[in-house]
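A.B. asks: One structure is given below, represented as structure tokens, and several questions about it will come after.
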């Protein structure tokens, strides 16, 4: 049976990491948003009414990464030393990849996942008017495959 460090007698608690040493931490997470072809073209061409979609998604992801401990209750507040956010167009959407770097007592996987999720949600928000069908539904739009691609932990 797996051991869950954030549960104590079925009560949620924040794990004490004070005795751990600081080490280099890196996490890379990715996820994809599926969009209509016309929407992808509008993003590429810079004609989305709300503005520069990917620049806005990059800023939103950066802010979310810094706010991760406020969003994920048992996540420790750790120093974030570096963030890299990239976007790649696919045939049917956009893939966001977020890298977070720290030197701390705990990993940065949650920060990377929150960053990817927020980037993709921001893209959706900025293009939702173009993605809706005549009934106000989103038959094409979807967010998928959010996952951690890489986790690094090395002594300093």
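Yeah, the Cβs are placed from backbone N, Cα and C, and that goes for glycine too.
Pasting the relevant annotations from Swiss-Prot:
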- 74, 75, 76, 110, 111: substrate binding site (BINDING)
- 125: active site (ACT_SITE)
A.B. asks: Please name the residue among the binding-site residues 75, 110 whose C-beta has the most neighbouring C-beta atoms within 10 angstroms.
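C.D. replies: For the binding-site residues 75, 110, the Cβ with the most other Cβ atoms within 10 Å is 110.
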A.B. asks: Expressed to the nearest Å, what is the distance separating residue 76 (substrate binding site) and residue 125 (active site) at their Cα atoms?
C.D. replies: 28
A.B. asks: Starting from the substrate site formed by 74, 75, 76, 110, 111, give every other residue of that chain whose CB sits within 8 Å of the mean position of their CB atoms, in sequence order.
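C.D. replies: Neighbours within 8 Å of the Cβ centroid, excluding 74, 75, 76, 110, 111: 68, 69, 72, 78, 106.
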A.B. asks: Roughly how many Å lie between the Cα atoms of residue 111 (substrate binding site) and the residue listed as 'active site', rounded to a whole value?
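C.D. replies: Distance (Cα to Cα, whole Å): 21 Å.
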A.B. asks: Taking the residues 74, 75, 76, 110, 111, which the record names as binding substrate, find the longest CA to CA distance and state it in Å to the nearest whole number.
C.D. replies: 12
A.B. asks: Measure from the CA atom of residue 125 (active site) to the CA atom of residue 74 (substrate binding site) and give the result in Å, rounded to a whole number.
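C.D. replies: Here the two Cα atoms lie 28 Å apart.
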A.B. asks: Sequence gap of 6 or more, C-beta under 8 Å: which same-chain residues meet both conditions with respect to residue 125 (active site)?
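C.D. replies: Those within reach of residue 125 (active site), by Cβ under 8 Å and sequence separation of 6 or more, number none.
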A.B. asks: Under DSSP, is residue 110 (substrate binding site) part of a helix or a strand, or is it coil?
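C.D. replies: Helix, per DSSP.
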A.B. asks: Across all chains shown, how many C-beta atoms besides its own are within 10 angstroms of the C-beta of residue 74 (substrate binding site)?
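C.D. replies: Total other Cβ atoms inside 10 Å, all chains included: 13.
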